[in-house]
Every structure is written in C-alpha cells, then in structure tokens.
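Undergrad: Reproduced below are the annotations present in TrEMBL:
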- C86: active site, nucleophile (ACT_SITE)
- H196: active site (ACT_SITE)
- E198: active site (ACT_SITE)
Amino acid sequence: MKSAVVQLPGLNRDRDMIAALTKISGKAPVTVWQTETEIPDVDLIVIPGGFSYGDYLRCGAIAARMPVMQAIKAKAEKGVKVLGVCNGFQILVEAGLLPGALMRNASLKFVCREVKLEVVNADTDFTRAYSKGQIIRSPVAHHDGNYFADAETLKTIEGNGQVVFRYAEGTNPNGSMGDIAGVMNTAGNVLGMMPHPENLIEAAHGGADGRGIFASALEVIAA
Ligand SMILES: NC(=O)CC[C@H](N)C(=O)O
C-alpha cells in the first residue's frame, strides 16, 4: 500500500508520521506540499499534526483553504483513505470533509499527556486491527481538541457509527462532547482523530497501541 504525507508550514509531526508509515508499511510515503494540486496515486493520504499557519484564525482554518485540499477532496470522493491526526483532524473539519468543530479545550490549557481510547467502531478501514470496545493508550498534545457538533449532527454520527474513538476511563482531556476523540465521514474513508497514534507504534515509544490504525489503513495486519 502506498501512502502520502501532506506538508504545510507549521506542521511539526510530519517526520513522526513519515517514520511510522515507513516502519509499518516498509515503504516511505511520498510527501505532498500544500501548493500541489495533484496527489500521486496512493491508497492513504495522511495530514499530520502541528500548528499550521501558527493556528491563526482557528486551528486548521488557513490550511483548509490551500490548493492541496482540493486535491485531497477529489481523492476522498474517489474513495482514497484520508487520515487526519490532531491538526490534521482540525484541517479536515475546517475543509468540510468531516462533521463538527474542534473548540478550545475546556480547561483553556494546552494538554500533553497520555489518555485511554475506546475503539467504538472496529469495523472500519482504520480500526480493523482492534476489537470493538478495546481500550488502547494514546498520547495527546493540543489546545483545541474539544469536539463539538450540534444535536442533530451528534445524533447522526452516533447513529451511523461515525464515532470511531472515545476517550475512556475518565481520561477526556478537553471536554469533548460524548468523549469523542475520533470521527469518520459517512463513506468511511476519511478519519480524523485528536490523539497521536504515530507516537506509540514500537517498544521504543513505550508501547505499540497506535500501530493498529496504520496497520489497518495500510492493510498490513498480521494474520
Ligand atoms: N499536536 C497538534 O497537532 C496540535 C494541534 C493544534 N495546534 C492544537 O494545539 O490544538
């Protein structure tokens, strides 16, 4: 499976993402700069975390309007998998590829810690390596991770199984509605999540709980 990592000014988790994808798929992803209007033929596009455009206006708001996003939208419409992590999630929401909004953390503070995640939906292209209800560890590092959706949207995404991850065991770090940590689109090929699975994929990281997301998306789940 081939993958691409999107790069924009201010993103700082691109190298971690490239390392994770290379390690798990055995192939280095291609990198795509924000001004590019064509994305090579890949199976998975990842928008990593960071502080695109210094988080000015709103996290992800400027990045969402860069030319590369039109190319990502076109690929997503064709069914290519798209994963947005942290700032990548914020960008996907700002670009209208995912429902809801990410507001300032309820504490009004940047949070950088480990949380527990419940795999709410294990029947997705990104979570097949896990089982439904499985609890995994994951780091988080953000100040705008407080997921919000209006009542109707919330009902729809909960009903459709679009809520893929929830903060578990009282570890919600940001006040997100329904403890929502990750959501996907209705087609099931675009996933956004605030936690950073790329930072927990091998023993040197202190565990590999995040590996399953990439193994699922890249279809390299060990039999
Ligand atoms: N690690 C990240 O991607 C951070 C996202 C965003 N800059 C925030 O702080 O909310």
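Cβ from N, Cα, C; glycine included.
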Undergrad: Of the active-site residues C86, H196, E198, which ones put their CB under 6 Å from ligand 1?
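TA: C86, by Cβ distance under 6 Å.
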Undergrad: How many other Cβ atoms sit within 10 Å of the Cβ of H196 (active site)?
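TA: H196 (active site) is surrounded by 21 other Cβ atoms within 10 Å.
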Undergrad: Enumerate same-chain residues with a sequence separation of six or more from C86 (active site, nucleophile) and a Cβ-Cβ distance below 8 A; give 'none' if the list is empty.
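TA: Expected: R13, P48, G49, G50, V140, A141, H142, G145, M193, M194, P195, H196.
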Undergrad: Counting only residues 6+ apart in the same chain, whose Cβ is under 8 Å from the Cβ of E198 (active site)?
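TA: The answer is R13, D16, M17, A19, A20, P48, V85, G210, F214.
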